[in-house]
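Asks: Questions regarding the structure given below will be posed in turn.
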Amino acid sequence: MPGGAVVLGTTDTSRIEAPVTVKTYFMCVFAAFGGIFFGYDTGWMGGVLGMPYFIQMYTHKPYPADPRAAHLPPDFALPAWEKSLMTSILSAGTFFGALVAGDIADVIGRRLTIVIGCIVFSVGCILEIAPKDALAAFVIGRLIAGAGVGFISAIIILYMSEIAPKKVRGALVSGYQFCITIGILLANCVVYATQDRLDTGSYRIPIGVQFLWAIILGVGLLFLPESPRFWARKGDIEKATDCLARVRDQPRDSDYVQDELAEILANLEYERDHIPTTSYVGSWLACFQGPISDGSSNLRRTIVGTGLQCAQQFTGINFIFYFGTSFFQTLGTISNPFLISLVTTLVNVLTTPISFYIIEKYGRRRILLIGGSLMVVCQYIVAIIGTAAPHAQTPGGNPPAVRAEIAFICLNIASFATTWGPAAWVVVGEMFPLPIRSRGVGMSTASNWFWNCIIGVITPYFVSTDEANLGPKVFFIWGSTAALSVTFAYFFVSETKGLSLEQVDQMLVETTPRTSSNWKPHTTWAAEKGKVHEGGEEKVVEDKESTEPAGVELGSIPVVCNIPAVALEGLVGGIVLFLPAAGWKRTWEATADFDPISLGATTRSFGRRRAGRLKPIEADCPENEGIE
């Protein structure tokens with residue numbers, strides 16, 4: 001197909017994407033592995049900050065009588081400013097990394113940008129572990145590693161959103177959040193195994209393990225296809241076709257490939273007409289065009305993307321993962337705070353897969369509202385218990401109150417893991433039009449890390465014993481900010497479940513967030529731009545594993561068709577008839593009341609590999625005779 005050839009699509013909104021295959025699942029699952037970086041780097045820092053050797057190395061204070069004791073003396077701890085610096089500097093790096101990544105991804109592609117992120121991340125890790133007792137080198141290493149994580153966290157979401165099929169995109173992108181939880185769990189396991197070492201291995205081993213993640217992701221991505229939408233944006237239709245055929249596991253001349261590509265190109269043409277960019281600065285300014293009151297404007301989408309990531313951080317979840325060990329130490333009655341942190345992390349991992357189902361069953365918007373409300377309730381309960389039972393924070397005092405606090409903290413984590421954790425990433429990947437998508441996702445990811453950084457800076461002052469020492473009362477703050485997050489989701493987040501990225505654009509034009517759940521696609525972009533097959537006819541695509549059914553043009557006669565495991569679909573006066581077949585053979589009887597009527601048989605693969613479509617075939621039907 002020449003680069004300038006016109007690609008024709010379909011008028012059928014249900015036909016713009018091929019059936020999901022195992023190969024497509026595998027590609028998205030592997031790409032989701034990038035969440036390991038995010039999660040692991042979030043998880044190991046909190047544990048390392050509480051390690052006796054790490055504290056002694058940077059404070060030069062003598063070890064207490066028993067340095068391996070579960071409860072260290074209050075004065076044997078890192079100063080709040082050092083905790084704040086070491087924790088927040090990673091987020092500063094990821095903020096700038098995510099912003100830059102969008103530009104790079106538009107130039108060299110999504111895959112290579114992620115690979116570069118793996119390399120940058122590895123350089124940062126070397127600086128973190130090479131010198132001993134060198135705060136400056138450690139901080140610079142965290143900054144550089146953060147830039148690499150910023151590359152990866154922004155572009156993984158972009159890449160997965162652009163290759164995942166619409167019917168399972170929410171579940172597959174949720175896999176990214178699941179990998180984040182796996183990363184946090186692995187970090188806690190490694191930290192738990194090295195916490196009692198009184199040498200450099202106590203912190204170097206947890207940091208060094210990260211090289212393995214960089215190698216696996218960086219090398220593996222070299223074997224995956226580029227996003228077809230990247231090549232469409234670059235104007236290379238040949239490469240876009242090849243990549244789309246690979247990610248959909250179809251022949252490149254398949255109707256499904258041609259129809260989906262036509263939809264991508266038609267939508268891109270529409271967006272470029274409305275988002276003219278003449279320069280580098282102009283392309284950035286395009287992200288802020290349009291009135292905020294217009295739900296489909298670029299400015300509104302940018303606010304939704306960046307605001308949703310801010311709202312995710314305002315749920316307070318990273319307080320638990322960054323400073324959980326230190327917080328549990330202040331509760332006093334816990335014999336092993338490291339172990340409790342491991343338990344809360346395990347709750348996060350085990351509950352996240354629930355989101356794979358509910359995000360496609362109930363949608364993004366609904367679970368954000370319900371999950372956020374549950375988090376508000378849980379966090380206020382923790383704060384109230386901690387306030388009403390003040391002796392819970394003294395050694396040996398009020399263990400039942402502490403157990404209740406831990407229980408509601410775990411319920412809070414489960415609420416986040418099944419709703420806000422994955423849904424915020426899914427919505428961000430779906431919100432932006434193709435011309436500004438990489439920058440929009442990059443800015444949204446940068447927003448996540450910016451507020452992550454702010455939380456990392458201020459939280460030590462909330463809970464450190466030498467500062468505000470709020471203890472459980474800090475959850476009054478997180479409960480209030482979580483309530484703001486729910487309010488934001490209610491007024492700004494639209495429902496994108498089951499829509500292609502191009503259909504999301506249509507939905508935002510025609511609905512408001514509160515009415516978006518009822519919207520159904522009624523046309524295609526190819527039809528809107530007049531780029532459909534002549535007469536609306538469909539091309540022939542052979543089904544690799546099913547027999548070839550036939551369509552007939554009928555008069556006013558009863559027709560009986562034996563169809564092996566297919567669905568029967570016909571166009572009758574503009575009304576689509578759909579009869580799902582069951583089993584290998586099933587006889588359906590249809591009576592034609594219009595003369596003439598075209599009925600076309602459509603093969604659908606229930607449990608088999610691939611489906612195809614056939615254009616109607618005329619056949620003579622003698623009066624009063626059926627067709628078997």
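The backbone N, Cα and C atoms fix where each Cβ goes, glycine too.
Note that this is a predicted model, so its numbers are computed, not measured.
Pulled the feature table from TrEMBL, pasting it below:
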- 27-497: domain 'Major facilitator superfamily (MFS) profile' (DOMAIN)
- 24-40: transmembrane segment (TRANSMEM)
- 85-105: transmembrane segment (TRANSMEM)
- 112-130: transmembrane segment (TRANSMEM)
- 136-159: transmembrane segment (TRANSMEM)
- 171-193: transmembrane segment (TRANSMEM)
- 205-224: transmembrane segment (TRANSMEM)
- 314-332: transmembrane segment (TRANSMEM)
- 338-359: transmembrane segment (TRANSMEM)
- 366-386: transmembrane segment (TRANSMEM)
- 406-428: transmembrane segment (TRANSMEM)
- 440-463: transmembrane segment (TRANSMEM)
- 475-493: transmembrane segment (TRANSMEM)
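A description of the local structural setting of each listed feature is requested, covering burial, neighbours and distances.
Replies: Residues of the same chain lying 6 or more positions beyond the ends of the transmembrane segment (24-40) and with a Cβ under 8 Å from any Cβ of it are 114, 121, 148-149, 152-153, 156, 159-160, 163-165, 168, 172-173, 175-187, 209-210, 213-214, 216-217, 220-221, 224-225, 247-249.
If one looks beyond the transmembrane segment (136-159) by at least 6 residues along the same chain, the residues whose Cβ comes under 8 Å of a Cβ in the stretch are 31-32, 34-35, 37-38, 41, 85-86, 89-102, 104-105, 110-111, 113-114, 116-130, 173, 176, 210, 214, 217, 227, 425, 428-429, 437-438, 441-442, 444-446, 448-449.
Away from its own ends, the transmembrane segment (205-224) comes close to residues 27, 30-31, 33-34, 36-37, 40-41, 44, 47-48, 111, 114-115, 118-119, 121-122, 125, 128-129, 145, 148, 152, 183, 186-187, 190-191, 193-194 of its chain (Cβ-Cβ under 8 Å, at least six residues beyond either end).
Nonlocal intrachain contacts for the transmembrane segment (366-386), taken as residues 6+ away from its ends with a CB within less than 8 angstroms of a stretch CB, comprise 315-316, 355, 358-359, 392-393, 401, 404-405, 408-409, 411-412, 415-416, 418-420, 423-424, 471-476, 478-479, 482-483, 485-486, 489-490, 493, 495, 517.
Beyond its flanks by at least six residues, the transmembrane segment (406-428) meets 157, 161, 169-170, 173-174, 176-178, 180-181, 304-305, 308-309, 311-312, 315, 317, 320, 328, 334, 340, 343-344, 347-349, 351-352, 354-355, 358-359, 364, 367-368, 370-372, 374-375, 378-379, 381-382, 385, 440-441, 444-445, 485, 493, 496 of its own chain at Cβ-Cβ distances under 8 Å.
Here the transmembrane segment (475-493) has Cβ contacts under 8 Å with residues 303-304, 307-308, 311-312, 314-316, 319, 364-365, 368-369, 372-373, 375-376, 379-380, 382-383, 386, 420, 427, 462, 513-514 of the same chain, all six or more residues outside its ends.
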Asks: Which residues of the same chain, at least 6 past either end of the transmembrane segment (440-463), have a Cβ under 8 Å from a Cβ in it?
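Replies: For the transmembrane segment (440-463), the sequence-distant neighbours (Cβ-Cβ under 8 Å, at least 6 residues beyond its ends) are 80-81, 83-84, 87-88, 90-92, 94-96, 98-103, 105, 146, 150, 153-155, 157-158, 161, 287, 298, 301-302, 305-310, 312-314, 316, 318-319, 322-323, 326-327, 330, 428-429, 431-432, 469-471, 474, 477.
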Asks: Between the transmembrane segment (171-193) and the transmembrane segment (112-130), are there at least three Cβ pairs closer than 8 Å, leaving out pairs fewer than 6 positions apart?
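Replies: Contact criterion not met.
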